[in-house]
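Inspection log for the structure reproduced underneath, given as structure tokens.
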């Protein structure tokens, strides 16, 4: 049953890529309730307001951005409408946090990744299912799906009750180098967006997935301010570049090292 559910979710994602996102993530539409069983929401014990998103890899592990780390993190699974609890909705706390560098330092172009082991595994449900790591590297020109509870307006922060989804395109990294001063010649990040502007990830979407051609290829890292401006794509941590590190940590391999 779990395999059937995962395959059905992947089929739904593929169908989503065939649709054009044309409305208000920014510039998107409300996600279908069955489209994002792997999407998780992060908040702290003191605040119920979501500050980041993440992706469920299996019953015990979540992948998100290093910039999403906080004290007393709470992770919610199976959430759609923040004000309406799903019957299979669950909450967990971290047991372990793994960063690509021991100091937890990261930059806007490198090592913005955090792997969380849950204190207690989550249960499979209608609205809870994992998303696999990518089996192939991403291809420039791919249509990618973004999603999250981030702001849906640029000039004034407006957080929706339900996650928004949108389609964007994957560009060569040089496009982001042209858009933002100070980016190094090479980076383990992906550049994605809409050059005309109007569609983009935004505040609180950090840590959420970038899904290209049905594969989990990126983690929301940072975007221009304000969001969704022309010629200002967002940057996403390249998940494929970190798969060996991720799989090693999950397998309890104490010798695994982060990519240089």
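Placed from the backbone N, Cα and C atoms, the Cβ positions cover glycine too.
Worth saying up front: this structure is predicted, and the values here are computed from it rather than measured.
Quick look at what Swiss-Prot lists:
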type: DISULFID; residues: 31-165; note: disulfide bond
type: DISULFID; residues: 52-68; note: disulfide bond
type: DISULFID; residues: 100-258; note: disulfide bond
type: DISULFID; residues: 144-212; note: disulfide bond
type: DISULFID; residues: 176-191; note: disulfide bond
type: DISULFID; residues: 202-227; note: disulfide bond
type: DOMAIN; residues: 25-251; note: domain 'Peptidase S1'
type: CARBOHYD; residues: 253; note: N-linked glycosylation site
type: SIGNAL; residues: 1-18; note: signal peptide
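Between the alpha carbons (Cα) of residue 31 (disulfide bond) and residue 191 (disulfide bond) lies a span of roughly 23 Å. Residue 202 (disulfide bond) sits 10 Å from residue 52 (disulfide bond), taking the CA atoms of both as reference points. When the C-alpha distances from residue 176 (disulfide bond) to the recorded positions 68, 100, 227, 253 are tabulated, the minimum falls on 227.
A Cα-Cα distance of 31 Å separates residue 191 (disulfide bond) from the residue listed as 'N-linked glycosylation site'. Among the recorded positions listed here, namely 165, 212, 253, 258, 165 has its C-alpha nearest to that of residue 52 (disulfide bond). Looking only at other Cβ atoms within 10 Å, the busiest spot among the disulfide-bonded residues 31, 191 turns out to be 191.
Annotation for residue 100 (disulfide bond): same-chain Cβ neighbours under 8 Å, separated by at least 6 residues, are 66, 106, 111, 113, 242, 245, 258, 259.
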